[in-house]
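Here's the structure we're looking at; comments come further down.
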Amino acid sequence: MSSYLFTSESVSEGHPDKIADQISDAVLDEILKQDPKARVACETYVKTGMALVGGEITTSAWVDIEYIARQVICDIGYTSSEMGFDGHSCAVLNGIGKQSSDINQGVDRDDPLNQGAGDQGIMFGYATNETEVLMPAAITYAHRLMERQAWVRKNGTLPWLRPDAKSQVTLKYENNKIVGVDAVVLSTQHSDSVTQEDLHEAVMEEIIKPVLPAKWLSKDTKYFINPTGRFVIGGPMGDCGLTGRKIIVDTYGGAARHGGGAFSGKDPSKVDRSAAYAARYVAKNIVAAGLADRCEIQLSYAIGVAEPTSIMVETFGTGKVADELLVALVREHFDLRPYGLIKMLDLIKPIYRETAAYGHFGREQFPWEKTDRAAELKAAAGL
């Protein structure tokens, strides 16, 4: 019997890197509302008392960068100087320029279908049937712990919680099936008023137990709640935050490969983002169709070229048909040119700020999570 452990982590919406991601995507959303053809690459840096928003943006829109950044920071919950970061009073610096005309000429075309990729690169998408949302379980539950932390913080259940937090879930597998939770790590920022004893009990009862399946918890499960003790100094006061530094948290928690490109702050002409969403969409529909228990898709692009330079399908021995047939089905049923996938997934809409915390995948409100191609794929495969 093969037995192994697998671990994934998540971070809260108040983690410094996630503050940066959310500001970048909030700027993108506001621009797309006015100018769907905008070219946006927005990067954010946050540290004690300041947020710097920079990057390259070409658009006919005008947006109030300072207002957007402050609104995001306050929405997250940083509204007091006692936390070391206050959206009302922090400095907001603007360092935005325009996208290179050399890139524009390679991307824009008279016929939108021939729109070139905004850059070269490799992108991966993944799906597995070990959860109902066809995502790896460890990252799914790590995200849910962070969502629960924010919920009990904001609704007043645990008013002494603060926005910065991290989670980590270690699952035990036997014969590739989950048999239990081996360990849970949850570190959360808190006010100075709460005792460690009260914090440990509250986190266990209000965050961990409501989220993790009871059947996976046992006397052998290990819990590490704020294992260093005090966590009063957090957020940008404790660490600087940068857009694009949580790419594994954003995707599959290490259960699948990653091409290296971050998502937040990028408009959908950037295949780092849009093709990664399309690869998830393809992989999820293959698994939903019952053509494999696990599926990983790799796509690659050349700057200024519309057609992908490669498509790979890997089903890790779980495929019901040959991987080569799946590649042919992908080419036949999915338009993976930049404009094709933007149209297929309706990516021009201002939906991106919501993606910037708790993972881009496994959340059914996003269009790349639809399984509307599963039936046609199953029929085309002859199953």
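Each Cβ is built from the backbone N, Cα and C atoms, and glycine gets one as well.
D239 is the residue from D220, D239 that Swiss-Prot records in the ATP site together with H15, D164, A165, K166, R230, F231, R245, K246, A262, K266. In Swiss-Prot, the annotation region 'Flexible loop' applies to 99-109, one of the ranges 99-109, 187-197. Using CA atoms as reference points, the binding-site residues D17, E43, E56, K270 were checked against R230 (ATP binding site), and the closest is D17. H15 (ATP binding site) falls outside any helix or strand according to DSSP and counts as coil. In the three-state DSSP scheme, K270 (L-methionine binding site) falls into the coil class. Among the binding-site residues listed here, namely D17, E43, E56, K270, D17 has its C-alpha nearest to that of A165 (ATP binding site).
Site extent for ATP: the farthest pair of Cα atoms among H15, D164, A165, K166, R230, F231, D239, R245, K246, A262, K266 sits 36 Å apart. With all protein chains in the displayed structure included, the most crowded Cβ environment within 10 Å among the binding-site residues E43, E56 is that of E43.
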